[in-house]
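Below is one structure, written out as structure tokens, with a few remarks after it.
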Amino acid sequence: MVVGRHRETKAVIDLGAIYHNVAEEKARLKEGQDLFAVVKANAYGHGLIQVARAAKQAGANGFCVAVIDEGLALRQAGFTEPILILGVNSPIEAVIMAQNDLSVAVGDESFLREAAPVLKQAGLRLKVHLALDTGMGRIGFRFADEVKSVVALLGQLTKQFVFEGIFTHFASADSKETSYFNKQVALLNEMLQVVSPKPRYVHFANTATAMWHSELTGNAIRYGIGMYGLNPSGSQLTEPGTLRPAMELVSQLVAVKHVSAGAAIGYGETYVAKHDEWIGTIPIGYADGWSRKLQGFSVLVAGNYCEVVGRVCMDQIMVRLPQNFKLGTKVTLIGTNNGHTITAQDVANYAHTIHYEIVSALTERIERVYVWKN
Ligand SMILES: Cc1ncc(COP(=O)(O)O)c(C=O)c1O
């Protein structure tokens with residue numbers, strides 16, 4: 001996708017906030033625990049390489065990505081730290097992962113059996129982390145017997161694989177209700193018992209687990225949403241530190257018009273002005289990741305909450321202004337404007353989703369601008 005560099009809409013990324021959030025979490029870790037910065041999906045929309053650099057500066061020991069190409073992009077940018085691919089991959093890709101020293105999550109034996117001859121032929125060894133499905137229901141081994149069998153297989157294939165890690169993922173660590181979490185812990189303990197000796201990395205924690213179940217973090221954590229300054233629970237649980245949101249989404253008024261009562265705004269005539277009104281146009285739309293569900297939500301224009309009226313278009317939205325504003329007046333969609341704030345969580349609440357989706361859905365067309373605030 002082409003980046004809209006000549007457009008007023010920008011995602012302003014505060015790398016100082018990334019640094020702060022990582023450094024704060026690192027300070028909370030126990031002696032010898034590593035922090036893997038989760039930078040998949042373009043670092044949750046914040047920019048893969050820039051975020052990875054700031055996280056590394058703050059002490060991140062490695063990275064997690066979802067797909068091979070994200071790992072390759074990190075290697076091409078010169079990162080030499082461990083990189084774990086969290087998603088499932090075809091055995092055909094084993095060579096490229098091994099060549100680039102990418103570690104990969106493995107959740108079934110067939111991957112190992114099919115990748116082994118390919119690796120043997122290439123004379124390469126691939127680092128693997130066994131995924132344990134203790135209740136997430138996504139990828140991984142579900143029974144202690146299966147774990148025993150795959151560990152034995154790895155024992156026979158030491159020329160093709162390095163058994164580097166073992167991990168699980170909790171489905172509800174961000175919840176006040178802990179019974180399902182505890183069920184996962186019980187199953188995890190059962191599965192871990194059959195693994196001896198343990199591999200180099202034993203890791204169970206995403207941000208929520210690290211924040212609210214720190215007894216269960218193994219020797220590395222996979223720190224994602226907290227690094228971006230967002231509380232994984234929304235507002236259900238209080239974060240232990242002081243998270244600093246790293247993204248602001250800003251734009252400008254590019255058109256301002258006075259309309260008479262009865263004038264319709266946008267596709268499908270879904271909004272009709274009740275009075276004579278001032279309407280402003282802002283260059284952001286659903287093709288930028290600003291969902292059509294945000295019709296009726298507000299943006300900040302010179303510190304005023306202004307309702308999005310009419311349907312969200314592909315590239316533009318219209319808002320009702322309290323008065324005439326000059327073209328070029330600053331608009332804040334996420335962040336603070338003249339003392340008022342709209343958070344990614346506010347946007348998510350309105351759109352009936354989670355802030356993870358709001359920030360990671362912003363498309364490449366929105367230019368990312370990097371700043372470092374202290
Ligand atoms: C396996 C795994 N670990 C860690 C994370 C990071 O989670 P969070 O952003 O909640 O810290 C994710 C994110 O989806 C994940 O899938």
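Just so it is clear, glycine is given a Cβ too, placed from its N, Cα and C backbone atoms.
Keep in mind that what you see is a predicted model, and the values were worked out from it rather than measured.
Quick look at what TrEMBL annotates:
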ACT_SITE  LYS40  active site, proton acceptor
ACT_SITE  TYR267  active site, proton acceptor
BINDING   ARG138, MET314  substrate binding site
DOMAIN    246-371  domain 'Alanine racemase C-terminal'
MOD_RES   LYS40  N6-(pyridoxal phosphate)lysine
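Recorded features from TrEMBL, shown on the structure.
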residue	record	Cβ contacts under 8 Å, 6 or more apart
LYS40	active site, proton acceptor	CYS64, VAL65, ALA66, VAL67, GLU70, LEU86, GLY224
ARG138	substrate binding site	HIS169
TYR267	active site, proton acceptor	GLY310, ARG311, CYS313
MET314	substrate binding site	GLY285, TYR286, ALA287
Helix, strand and coil counts within the domain 'Alanine racemase C-terminal' (246-371) (DSSP): 22 helix, 51 strand, 53 coil
Conformational class of LYS40 (active site, proton acceptor) under the three-state DSSP mapping: helix
Assigned element (helix, strand, coil) containing ARG138 (substrate binding site), judged by DSSP: coil
